[in-house]
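Asks: I'd like to ask some things about the structure below.
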Amino acid sequence: MDNNRIDSKDKNPRESQDNPVVKKRVDWSASLIVASLAGAFGSSFLYGYNLSVVNAPAVFIKKFYNESWERRYNQSVTEQSVTLLWTISVSIFAIGGLVGALIVTPAVRYLGRKYALLLNNVFAVVAALLMAFSHLAGIFEMIILGRFIMGIDGGVSLTALPIYLSEISPKEIRGSLGQITAIFICIGVFTGQVLGLPEIFGKESLWPYLFGIIIVPSVLQIGVLPFLPESPRFLLLEKHDTKAAEKAFQIFLGKSDVTREVEEVLEESRVQRNIQLASVFQLLCDSSKRWQILTVIVTMACYQLCGLNAIWFYTNDIFQGAGLSREMIPYVTLSTGAVEILAAVSSEGLQTYCFLVFAAVCLAGGTYLFIVLPETKNKSLEEINQAFAKKKRVTLEISEMDQFEGGEKSGGKQESEFKNGEVKNRIV
């Protein structure tokens with residue numbers, strides 16, 4: 001079967017290049033698909049899962065913090081202290097990600113791309129055990145430590161996985177294969193939201209299982225990746241093993257003649273050896289590279305500082321503040337994860353036009369906020385929450401006033417003062 005695929009490519013090179021369907025059928029080998037799915041499921045999927053998994057059981061975890069504190073110190077913890085502990089539990093995931101991003105460079109250089117991903121599963125398994133057994137042990141610090149370790153896993157995997165996938169894939173489909181990382185992050189977020197539903201693990205007695213499930217993708221990756229080759233580029237340039245690199249290319253590309261791919265890697269290596277390495281400061285001082293560096297910095301800063309991760313962490317609190325009932329919130333939250341998956345999948349087909357969709361969404365969002373978002377200046381959080389639930393509150397206030405007035409009647413306008421200080425006229 002592989003010979004037929006190779007012959008068709010050799011005999012009709014123009015058809016393979018002009019027809020994207022033929023190119024995809026030729027270039028995607030079974031080993032490449034397995035490597036990408038196993039790598040993404042045990043890496044980027046876990047990152048997305050841990051973004052959203054803490055949202056549903058937040059109330060139960062805070063209660064566990066209070067119970068652990070009271071059992072240890074014989075006094076109840078203050079609400080401010082619980083909020084602080086929860087904030088640390090949520091934000092320390094990002095701090096762990098920073099640590100993971102710093103250690104991944106020497107890891108992929110000396111261990112290799114595949115073994116860096118494999119050893120990274122140790123962080124995931126340890127973190128899962130700490131968080132899953134924290135309730136049983138009665139030690140809330142285990143959750144905080146587990147979140148930090150899980151952040152390290154995310155920092156390593158989100159760097160090592162794209163490197164591995166880009167080096168094992170043909171350049172014609174490298175962009176499509178790289179999209180798998182983003183798609184599995186979205187799937188992980190959505191899975192965390194689904195498993196957090198009250199019908200599954202979103203209960204006070206079952207929330208530790210939400211963290212124990214983290215072991216499953218890690219075990220799957222540990223069971224699959226050892227049977228796949230290391231990155232051909234790593235074998236060729238770091239290990240100087242040409243035969244192993246050729247064999248890896250043959251397995252991943254599904255063809256026997258990989259001379260062109262090997263030569264491309266060697267040529268790229270020769271070019272890089274003639275390039276003098278520069279520090280970040282030197283790059284910023286170089287006027288020819290300055291705008292490229294600043295573009296990357298601004299883009300990533302906007303992504304991180306827009307508060308996207310905070311949405312996953314505090315979705316339930318946001319919807320509750322907007323006046324939604326507690327029973328409805330978990331199901332409304334699912335819509336955010338579903339929309340993210342749809343956007344990630346559709347962006348591959350839209351290609352560069354996906355930015356037009358993004359612009360339309362931004363315009364619609366800005367219009368909605370301009371019309372619906374109440375004024376928050378000089379108002380407390382309670383007043384802002386009341387303004388979000390304005391219709392419901394108005395109905396409630398009018399009902400209360402009718403009961404208070406009893407049998408009194410008047411033929412004009414009467415003023416009623418709301419809790420947020422606004423005075424409105426009511427016609428009787």
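Cβ atoms here come from the backbone N, Cα and C positions, even for glycine.
Residues annotated as compositional bias 'Basic and acidic residues' in TrEMBL: 1-17, 406-428. Among the features that TrEMBL reports, region 'Disordered' is placed at 1-21, 403-428. Under the heading transmembrane segment, TrEMBL lists 28-49, 84-104, 116-137, 143-165, 177-195, 207-228, 293-314, 350-373. Per TrEMBL, the feature domain 'Major facilitator superfamily (MFS) profile' maps to 36-428.
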Asks: Sequence-remote contacts (6 or more beyond its ends) of the transmembrane segment (116-137), Cβ cut-off under 8 Å?
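Replies: Residues 39, 42-43, 46, 64, 100, 104, 107-108, 143, 145-147, 149-150, 152-153, 156-157, 160-161, 164, 207-209, 211-215, 217-219, 221-222, 225-226 contact the transmembrane segment (116-137) from elsewhere in the chain.
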Asks: Okay, the transmembrane segment (28-49) and the transmembrane segment (84-104): do they have at least three CB pairs under 8 Å, pairs separated by 6 or more?
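Replies: Answer no: the transmembrane segment (84-104) and the transmembrane segment (28-49) share fewer than 3 Cβ pairs below 8 Å.
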Asks: Mean pLDDT across the domain 'Major facilitator superfamily (MFS) profile' (36-428), rounded to an integer, is what?
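Replies: PLDDT averaged over the stretch: 82.
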